[in-house]
Amino acid sequence: MKFGIISIFPEMFKAINDFGVTARAIKDSKVSISCFNPRDYTTDRHATVDDTSFGGGAGMVMKYQPLSAAIEDAKNTLGCGTKVVYLSPQGSIFNHRKAQELLQNDSLILLCGRYEGVDERLIQDYVDEEISVGDFVLSGGELPAMLVMDSLIRLIPEVLGNKESVIEDSFYDGLLDYPHYTKPAVLPNGNAVPGVLLSGNHKEIAKWRRKQKLIRTYERRKDLIECLCLSAQDKQILDDYKIDKVSTKGEE
């Protein structure tokens, strides 16, 4: 997969290029990243990429000309039909389903805004989709872009050493992940790993993990549960959990 990054701070993407799973994917030629700095496409000696907002108001707005030139260059590099995604708090919320959808593209151009945002006419002329990583505001689109890239890259076949790592991730099946434990089996304070995980019975371990995924999602993200078509067995697990929870409260 090819990524084109429109950013005035391309150095920030060393975090993607140089570390972890994403760096390995780049080294293995499964991913390529090209950065296009709008400052390189300006026409004035100060390399100005922003200006005051028409109508007044605090903050500066990123200019149309350098951004459009950077996007055009990115399209020439990645392909004229490459989808342009603007990282914006006004966009649709990014989630696992959206990641899977974006993964269908061979290439993506990620536009990272700064200041008060970008000239609206640029969005009208070039942006195919606006995406938000949450209902909060950051200083720029670089961190959201890296978040989106990391999420997509780990879904690319063979990027992760064990394909089960992807399947067992939170949200892969619409549920949160189950609890994980490592050595020692018992901590000095007596806190021990659930016995089923030490049993070697893979069928029982799988049942325990499924139960934990359902309960954890129900407790922490009921909105996710409501969107799923649960099996009769899954529904029974949750019904039993609710009954046990009520009984436990009654005994306190």
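Backbone N, Cα and C atoms are what each Cβ position is placed from, and that goes for glycine too.
Feature annotation from Swiss-Prot assigns S-adenosyl-L-methionine binding site to Gly113, Val133, Gly134, Asp135, Phe136, Val137, Leu138.
Across the binding-site residues listed here (Val133, Val137), the residue whose Cβ sits among the most other Cβ atoms within 10 Å is Val133. In this structure the residues listed as binding S-adenosyl-L-methionine are Gly113, Val133, Gly134, Asp135, Phe136, Val137, Leu138; their two most distant Cα atoms lie 16 Å apart.
Sorting the binding-site residues Gly134, Phe136 by the number of other Cβ atoms within 10 Å puts Gly134 first. Shown in sequence order, Met62, Tyr86, Leu87, Ser88, Gly140, Gly141 are the residues of the chain, 6+ apart in sequence, with a C-beta less than 8 angstroms from the C-beta of Gly113 (S-adenosyl-L-methionine binding site). Within the same chain, residues at least 6 positions away in sequence whose Cβ sits under 8 Å from that of Asp135 (S-adenosyl-L-methionine binding site) are Pro89.
Look at Phe136 (S-adenosyl-L-methionine binding site): DSSP puts it in coil.
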